[in-house]
Amino acid sequence: MKNLLLTFLVVTIVCLDLGYTLICHQVHGLQTCEPAQKFCQIRTTMFFPNHPVLLMGCTYNCPTERYSVCCSTDKCNK
């Protein structure tokens, strides 16, 4: 009985997802987010007139800007 209980405990510990982190797209490749970063974002901004820049990656909160979208699942900001 102790062996069965010990086996169950080991399987439970191994199967737990300890320290899940979000994965977001960047302009070039993927980014593993920090544990506190709960969202992926894609945002278009204009640093110079008539030159839009696409920003993608992890973020701590969802921006409320007009040309910004955020989501909270892996690779959702493609």
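Backbone N, Cα and C define each Cβ position, glycine as well.
A disulfide bond in Swiss-Prot ties C24 to one cysteine from C40, C62, and that cysteine is C40. Cα-Cα distance from C24 (disulfide bond) to C76 (disulfide bond): 7 Å (rounded to the nearest whole number). Counting Cβ atoms from all protein chains shown, C62 (disulfide bond) has 15 others lying within 10 Å of its own Cβ.
Rounded to a whole number, the C-alpha distance linking C40 (disulfide bond) with C70 (disulfide bond) is 5 angstrom.
Of the listed disulfide-bonded residues, namely C40, C76, the sparsest CB environment within 10 A is found at C76.
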